[in-house]
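Here's what Swiss-Prot has on this protein:
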TRANSMEM  13-33  transmembrane segment
TRANSMEM  55-75  transmembrane segment
TRANSMEM  98-118  transmembrane segment
TRANSMEM  138-158  transmembrane segment
TRANSMEM  171-191  transmembrane segment
TRANSMEM  217-237  transmembrane segment
TRANSMEM  250-270  transmembrane segment
TRANSMEM  295-315  transmembrane segment
TRANSMEM  344-364  transmembrane segment
TRANSMEM  375-395  transmembrane segment
TRANSMEM  405-425  transmembrane segment
TRANSMEM  428-448  transmembrane segment
Amino acid sequence: MNSNLRKKVTLAGLLVSIGIVYGDIGTSPLYVMKAIVNENGGIAHVSREYIVGSISLILWTITLLTTVKYVLIALKATNHGEGGIFSLYALVRKKAKWLVIPALVGGAALLADGTLTPAVTVTTAIEGLKNMKFGNDIPVPNQNSVIMITIVILLFLFSIQRMGTSIIGKTFGPIMLVWFTFLGLTGIMNLSHDWSLLEALNPLLAVKILFSPANKVGVLILGAVFLATTGAEALYSDVGHVGKGNIMGSWPYVFICLALNYLGQGVWILENPNYHAGATDFNPFFEALPSQWKFFAIILATLAAIIASQALITGSFTLVSEASGLKFLPRMKIIYPSTEQGQLFIPSINKMLCAATIGIVFLFRTSEHMEAAYGLAITVTMLMTTVLLFEYLSLRKVNLSLRLVFLLLFGAIETMFLISSLAKFLHGGYVTVIIAAFIGAIMYIWYFGNKIRDKREAENAYVRLDEFTTMLSNLSHDESIPLYATNLVYMAKVKYNKFIKRDMLYSILDKRPKRAHAYWFVTVNVTNEPFTAEYAVNTYGTKNVINVQLYLGFKQQQKVNVYLRQIVHDLIKDGTIESQPQEYTTTPGRDVGDFSFVIVNDVISPQTQLRSYEKFLVEARVWLQNLSSNPASWFGLDYADTVIERVPLILGNQRRQHITRIAPKKFEDIKKKLQAEGELKE
């Protein structure tokens with residue numbers, strides 16, 4: 001979406017926001033009331049008090065968590081227009097070091113939840129086809145058929161990610177607008193049979209049902225109720241695509257349609273107490289519709305489920321990209337399938353999401369079992385977001401009393417939801433917990449492994465680059481040494497614009513002198529601003545030793561090869577460096593020479609002296625680095641002349657062992673002794 005639509009509240013912006021932002025929360029009516037009925041033992045065991053109280057819980061949960069916390073408060077906590085837990089962390093990370101923990105935990109849980117959402121939404125939609133007659137045939141006679149159709153849809157969905165979503169994305173808005181309108185109209189249709197159910201708007205009934213004997217599971221009902229607001233975190237994450245104004249403008253319509261549908265389903269349940277009595281495999285969302293509407297509803301629900309899944313998949317790509325930029329995750333190969341900002345595709349993440357989602361479908365088989373596991377991870381994310389928002393409010397100088405009210409209110413509500421959702425652990429919630437723990441462990445190892453490495457590196461690991469400029473200039477003009485490259489580029493972190501790792505200069509000067517017309521030391525700095533693309537240079541008074549500081553936003557693609565060619569051209573044009581005319585070229589008048597890029601990779605040295613815990617983290621971090629994408633891909637150097645050199649990483653106090661030469665006479669004595677013992681032959 002272009003920047004104008006993000007900034008302004010327009011009809012187009014409102015429509016796009018409906019298509020992009022509300023997919024997850026908009027498909028919740030497919031399974032929330034079903035889960036609530038099943039919590040109490042089936043439709044034969046629910047009373048009016050239970051249904052009215054449950055709907056009241058749903059409506060006030062959406063009001064407090066989605067409307068108040070996310071729409072009215074969180075949307076103001078944007079980082080240059082971008083939202084989500086990592087953008088929020090980037091805003092507050094300077095306040096306290098410990099804030100990295102809620103960011104890591106919340107981000108890992110959000111990514112884990114992403115494996116379950118496509119599975120549960122698509123499966124629920126397709127289950128509406130089960131046992132439906134088309135003439136004399138029943139195309140989907142059993143759950144196995146549902147599973148196969150679901151798998152085909154999911155495989156298709158994941159397979160088209162590489163192509164980008166710019167074209168199909170344009171249809172999301174109209175389809176979701178039809179979907180929400182359909183939810184509202186069908187809700188009114190059923191609600192018109194019993195307007196008295198509007199008493200569910202009374203918040204006292206929401207509190208009362210938690211302790212009522214009509215509710216057989218007590219506060220554990222919140223585990224099912226929470227499913228109605230799982231999409232609130234996605235709403236915050238997607239603010240960068242459409243702008244907070246368009247979300248605030250479209251949310252009232254979406255909320256009204258959702259509320260009407262939940263109320264309508266409640267009326268139908270109370271009107272049909274003996275419908276499939278004792279059964280738990282029916283869905284009140286579809287059953288509440290006239291029979292002639294069901295096929296249309298299933299098609300529309302399937303499209304809505306696909307859109308919700310698509311939004312979540314692309315959201316996962318964005319989340320991983322941001323995590324990499326903040327050094328929470330290893331660098332991965334990122335593909336930008338369109339020219340639109342924010343359109344990205346991460347092949348490795350796509351494969352893992354696809355495998356996990358399909359695995360979940362095969363593991364749980366029915367939407368009922370998936371619902372039992374759904375929501376546990378996202379409660380953790382919401383709780384972590386509350387902690388970070390509390391710090392953000394402090395950053396904004398909000399009154400301490402108001403901040404404490406915010407923390408205690410939403411912290412208490414979300415803690416209750418978390419406790420109730422823990423009951424789902426043994427019913428499948430363990431799957432997302434395991435996935436979240438796995439992702440969280442990778443993030444922890446990568447982040448703190450980097451921290452330990454930076455902190456414990458030997459003091460002599462860095463040298464002043466400006467002290468070697470004369471030597472590098474002399475090497476550049478020494479024609480007795482073969483020319484290695486016109487431009488020799490090292491992807492090297494230059495600290496404070498002057499300190500560089502000794503390994504870089506060792507590679508140029510000591511291993512085998514590498515002569516080049518210009519030596520480039522490029523540092524990529526990831527900024528808090530999402531789309532920064534700037535650079536600064538320092539030549540140290542020379543024409544051939546250049547320190548380049550690239551400043552790229554955490555959402556910006558790192559095409560170093562492209563950027564550097566532009567920088568060289570700029571510096572030649574303003575006379576900062578000498579022209580590099582090419583005698584042999586397909587481009588007449590070309591004044592920029594060839595490039596050779598060098599990337600130095602670390603290998604743990606046996607001389608490293610660290611505590612066992614620190615050594616484990618650093619070794620695990622190096623292992624993850626070797627498993628992840630080639631660093632050349634990360635820097636956009638796939639098609640450039642790139643050399644990767646391995647150097648020993650020495651951390652902490654160095655353990656130096658001295659070897660002593662044996663005196664000739666002593667060596668002869670040892671030799672004779674070994675010969676006498678038969679261990680050494682003449």
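Keep in mind that glycine also has a Cβ here, set from the backbone N, Cα and C atoms.
Source: prediction; values computed, not measured.
Stretch with the largest number of CB pairs closer than 8 A to the transmembrane segment (171-191), among 55-75, 295-315, 375-395: 295-315. Most Cβ pairs under 8 Å with the transmembrane segment (217-237) belong to 13-33, among the candidate stretches 13-33, 250-270, 344-364, 375-395.
Ranked by Cβ pairs under 8 Å to the transmembrane segment (295-315), the stretches 13-33, 55-75, 250-270, 344-364 are led by 13-33. In summary, the transmembrane segment (55-75) does not lie against the transmembrane segment (344-364): fewer than three C-beta pairs, each 6 or more positions apart in sequence, are under 8 Å. With a threshold of 8 Å between CB atoms, the same-chain residues lying at least 6 positions outside the transmembrane segment (405-425) that come near it are 64-65, 69, 73, 219-223, 225-226, 372-376, 379-380, 382-383, 386-387, 389-390, 393, 433.
The highest tally of CB pairs under 8 A with the transmembrane segment (344-364), across 13-33, 98-118, 138-158, 250-270, 375-395, is held by 138-158. Within the chain, the transmembrane segment (375-395) has long-range Cβ neighbours (under 8 A, six or more residues past its boundaries) at 65, 69, 73-74, 77, 85, 88-89, 91-92, 95-96, 99, 102-103, 105-107, 109-110, 112-113, 116, 223, 226-227, 230, 232-233, 236, 402-403, 406-407, 410-411, 414-415, 417-418, 421-422, 424-425, 429, 432-433, 435-436. Same-chain residues lying 6 or more positions outside the transmembrane segment (13-33) and placing a CB less than 8 Å from one of its CB atoms are 1, 5-6, 58, 62, 66, 117, 120-121, 124-125, 169, 171-177, 179-180, 183, 224-225, 227-232, 234-235, 238-239, 241-243, 245-247, 249-250, 253-254, 258, 261-262, 265-266, 269, 283-285, 301, 304-305, 307-312, 367, 371. Within its own chain, the transmembrane segment (250-270) is flanked in space by residues 14, 17-18, 21-22, 25-26, 28-29, 32-33, 37, 43, 46, 48, 51-52, 54-55, 58-59, 62, 66-67, 71, 180-181, 183-184, 186-191, 193-194, 197-198, 200, 228, 284-285, 287-288, which lie at least six positions past its ends and keep a Cβ under 8 Å from the stretch.
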